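K.L.:
So TrEMBL lists these for the protein:
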TRANSMEM  24-44  transmembrane segment
DOMAIN    34-445  domain 'Cation/H+ exchanger transmembrane'
TRANSMEM  56-73  transmembrane segment
TRANSMEM  85-102  transmembrane segment
TRANSMEM  114-139  transmembrane segment
TRANSMEM  145-169  transmembrane segment
TRANSMEM  219-241  transmembrane segment
TRANSMEM  275-293  transmembrane segment
TRANSMEM  305-324  transmembrane segment
TRANSMEM  344-364  transmembrane segment
TRANSMEM  385-406  transmembrane segment
TRANSMEM  418-438  transmembrane segment
Amino acid sequence: MGFDWSLPFGGLGGSIGEPDAAPVHSITLFVALLLTCILIGHLLEKSRWMNESITALVIGVVTGILILVTTGGKSSRILIFDEEIFFIYLLPPIIFNAGFQVKKKQFFRNFMTITLFGAVGTLISFVIIFLGISLMFLFSLIVSVVVHTSVALGAIFSATDSVCTLQVLSQEDTPLLYSLVFGEGVVNDATSVVLFNAIQRFDLSHITSSIALQLLGSFLYLFFTSTLLGIAIGLLSAYIIKKLYFGRHSTDREVSLMMLMAYLSYVMAELFDLSGILTVFFCGIVMSHYTWHNVTESSRVTTKHAFAALSFISEIFIFLYVGMDALDIEKWRIVAKSPATSAGVSSVMLGMVLLGRAASVFPLSFISNLFKKSDNDKIQFKEQIIIWWAGLIRGAVSMALAYNQFTRAGYTQLQGNAFMITSTITIVLFSTVVFGLATKPLIRWLLPGHTARSSELEDDAKALSLPLLGISQDPGAETSTDNIQRPVSLRMLLTKPTNTVHYYWRKFDDGFMRPVFGGRGFTPFVPGSPIERSLHGGK
């Protein structure tokens with residue numbers, strides 16, 4: 001496992017024969033490219049047509065071309081991708097930060113709809129893509145594949161990447177839409193990875209009803225066990241920091257503890273063959289609700305920005321590498337023998353992505369609207385189109401799963417696997433650039449001058465009146481129980497389940513959870529602590 005640094009960049013200084021020369025050259029060049037992506041992304045920020053993801057892809061492709069020319073067509077990459085490095089080091093900060101930064105009030109208010117899109121919708125998309133690819137294989141576009149490959153591709157292409165859409169959606173103007181797209185994207189990625197891991201455990205060459213039930217049982221086991229593990233580690237971190245209160249002596253210790261506990265949740269899930277992506281996501285939610293409020297004010301600022309920065313760098317790293325790997329001459333040389341087949345495979349897979357996404361979004365939106373009494377809470381057809389569009393983009397998770405299935409340390413010599421990996425690269429590049437660039441014009445066309453719905457604007461106005469990084473940070477996470485209508489009958493429980501569950505959860509949270517694990521309003525106060533010094537003007 002690891003990077004292959006032995007690439008011909010000796011002209012940058014030193015001799016390529018020196019054992020440490022090639023790593024230094026490669027690292028230096030790649031870090032320079034990361035900085036370039038950040039600078040160009042910043043310069044393009046106002047236009048909002050481009051974002052860091054597309055910028056990194058384009059720079060990666062251009063760099064890959066330059067390396068191809070420099071090496072005489074032998075290589076297009078500075079680093080050799082290892083899917084284990086992606087899953088162990090690059091993916092955790094992205095998913096944890098998503099859970100840590102999520103607007104919990106909006107997320108759990110729309111939790112049923114998000115779960116419907118993210119979990120059920122992913123399964124529908126998986127089935128559609130699996131059946132479509134199986135039919136393609138049946139008509140002998142590629143004769144060397146097996147059923148397991150079709151099922152794996154169904155899971156790979158069910159993983160969405162909504163980064164481009166989220167960067168042009170506004171939480172203030174379209175809070176419901178933003179919450180649905182963001183929440184569904186995270187749950188979708190988690191579901192896809194859990195599904196992919198469950199598939200690896202079974203021999204699917206002969207699918208029977210018994211195997212299908214075992215697959216469903218394995219999926220549910222992974223989903224719920226991973227979630228509980230993330231919650232447990234998040235609560236443990238909150239309890240430790242609340243009781244020991246490291247900040248009285250050193251904020252460095254409590255910041256380090258938060259970061260290591262977050263990472264521990266991921267590696268423990270991987271150790272027990274669970275879904276690390278789901279575990280670390282819910283660990284992030286729990287730590288932002290309890291642990292984050294137990295640390296000092298300076299630690300809150302530090303952790304908030306540290307997690308966001310790690311996530312940001314990891315995303316740029318992934319897209320930059322994907323851009324360079326798109327020109328990997330080895331894979332394209334294998335598929336170049338049958339260009340028509342390669343184009344046919346990519347076209348069919350992209351068509352299945354479009355169809356699978358439509359088959360999940362529009363019917364599930366209809367079902368979700370049936371249980372909403374107010375028209376303001378229903379998902380309008382134009383919003384459904386944007387949700388459908390947001391889920392068409394395929395990104396880092398799809399690439400990592402494809403590498404895991406079809407390559408070994410970034411390489412493959414099998415024609416069938418080469419077709420699969422190049423088709424995945426093609427779809428990721430096409431969907432990110434084409435669908436990503438068209439996102440803003442689509443939103444402007446469908447939602448011109450769209451303003452937030454009155455109830456949501458009122459909530460956001462209250463949130464904006466609170467301090468950004470003070471004691472009341474994360475205003476969307478909490479609401480007073482006085483504002484929640486108490487359920488007085490079984491009918492209300494059935495007609496307003498979200499409000500009912502929220503009411504009883506807030507009672508339980510205020511009465512037991514926060515007194516034990518800390519949280520807003522339950523932060524320990526220790527004489528001589530950084531909080532006391534800050535309250536007295538640093539004296």
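Residue positions begin at 1 at the first shown residue.
Using N, Cα and C of the backbone, Cβ positions are placed for all residues, glycine too.
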K.L.:
Is it the case that the transmembrane segment (344-364) and the transmembrane segment (418-438) have 3 or more CB pairs under 8 Å, with pairs at least 6 apart in sequence?
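P.N.:
Between the transmembrane segment (418-438) and the transmembrane segment (344-364), which are separate recorded stretches, there is contact, as judged by 3 or more close Cβ pairs.
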K.L.:
List, by number or range, the same-chain residues at least 6 past the transmembrane segment (305-324) whose CB is under 8 A from its CB atoms?
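P.N.:
Distant Cβ neighbours of the transmembrane segment (305-324) are 30, 33-34, 37-38, 52-53, 56-64, 67, 76-79, 81, 86, 90-91, 93-94, 96-98, 100-101, 163, 255, 259, 262, 395-396, 399, 425, 428-429, 432.
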K.L.:
Taking residues 6+ outside the transmembrane segment (56-73), which of them lie with a CB under 8 Å of any CB in it?
P.N.:
7-8, 33, 36-37, 40-41, 315-316, 319-327, 329, 429, 432-433
